[in-house]
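Engineer: The structure is given below, and queries will be raised subsequently.
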Amino acid sequence: MKRIGVLTSGGDAPGMNAAVRAVVRKAIYHDVEVYGVIGGYAGLISGNIEKLELGSVGDIIHRGGTVLLSARCDEFKTKEGQLKGVEQLKKFGIEGLVVIGGDGSYRGAQALTSHGFPCVGVPGTIDNDIAGTQYTIGFDTALNTVIDAIDKIRDTATSHERTFVIEVMGRNAGDIALWAGLAGGAETILIPEDHYDMNEVCERLKKSKERGKKHSIIVVAEGVISGVEFGKKIKEMTDFDTRVSVLGHMQRGGSPSAFDRVLASRLGARAVELILEGKGGRAVGIRNNRVIDHDIADILEEPHSLDFNLLKLSKELSI
Ligand code: ADP
């Protein structure tokens, strides 16, 4: 194999640039040329593809977002769109493609592989919602952003003796809420993987006030209920001075943490090795600090699993 491609797709995540850098440098290290697809699958269909050199990925390891840009592209969900993509790749003489993104992007990679074009998936999403890896690229950075916000909100919550509802991202997964809630010392954490009882939440608030707590922090995953709606419910059921903070897209930005940079470097480099070994249709990941890979079709079928021990611990520590 003499020429490979790389693209980033779906929601951006801090550390995607470090992964792109690793793909480019690892390939060039093995005397393989690399082409970057600009703008995800939309860029692939339109042939927005350019050659990347060692210098093209200089000075990006510390930057959030993705220099290759990202997009959502419905046309790529159709066979016609996918075949247009294959055509463009062939036109540029590209023989394998590394796709950095979430599960939607993996579906695109699987489709290309099924059309005879080998792809390898690299998990890039802040949501940590992909099977086959303990951590996705961007999760650690997003978590640190959320914790920083919780710490700041806690200062003002204490001063005014307020209850704060903080809504965090995660789509249908509760990992950001659970980890940030545990690390930020939240009294209550609502995640899609667990049920909640409104009476119980309010009882808990009352009890903590009785034992002298000056504030309460409730972390709500966006996949459960909107923070605003949940805040309203608390106001209706208690007399607590309640405020809501929706953290939003700030969670997707920022300079990637050291953990995400190292993870992205390891996974990006392994993806190139797999492509060069002729192993298309795989997705890379990390487990117990070892880089692993699985069939991408298996990953897409397997549900993402939350760490329920962590959930149990968070409940035990927030009594
Ligand atoms: P993420 O990769 O972060 O999960 P999306 O779910 O939006 O983000 O997916 C990103 C892109 O992947 C979509 O805009 C589309 O181009 C492509 N994609 C998603 N689902 C499929 C599918 N079933 N088949 C082919 N391509 C898909």
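Residue 1 is the first one shown; counting continues down the chain.
Note that Cβ sites are derived from N, Cα and C of the backbone, with glycine treated the same way.
A TrEMBL annotation is a machine prediction, not a hand-curated record.
Model, not experiment: these values are computed from the prediction.
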Engineer: Going by the substrate site in TrEMBL, where T125, I126, D127, R162, M169, G170, R171, E222, H249, M250, Q251, R252 are listed, which of the candidates R154, R243 is also part of it?
Structural biologist: R243
Engineer: From G11, G15, G36, grab the residue that TrEMBL records in the same ATP site as R72, C73, G102, D103, G104, S105.
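Structural biologist: The candidate from G11, G15, G36 that TrEMBL ties to ATP along with R72, C73, G102, D103, G104, S105 is G11.
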Engineer: To which of the binding-site residues V23, C73, M169, M250 does the lowest count of other Cβ atoms within 10 Å belong?
Structural biologist: M250
Engineer: Given G102, S105, G185, H215, R252 as the binding-site residues, which ones have a Cβ positioned under 6 Å from some atom of ligand 1?
Structural biologist: G102, S105
Engineer: For ATP, with binders G11, R72, C73, G102, D103, G104, S105, what's the maximum Cα separation in whole Å?
Structural biologist: 14
Engineer: Check the Cα distances from D127 (active site, proton acceptor) to each of the binding-site residues R21, G104, H215, R243, M250 and keep only the ones within 10 Å.
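Structural biologist: Of R21, G104, H215, R243, M250, within range: none.
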Engineer: By CA-CA distance, flag whichever of G102, E187, K213, H215 among the binding-site residues is nearest to M169 (substrate binding site).
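Structural biologist: So, of the listed binding-site residues, the one sitting closest to M169 (substrate binding site) is G102.
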Engineer: Out of V23, R25, G185, H215, the binding-site residues in the record, which is closest to G104 (ATP binding site) when you go by Cα distance?
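Structural biologist: Ranked by Cα distance from G104 (ATP binding site), first place goes to V23.
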Engineer: Rounded to an integer, what is the Cα-Cα distance in Å between V23 (ADP binding site) and S105 (ATP binding site)?
Structural biologist: 17
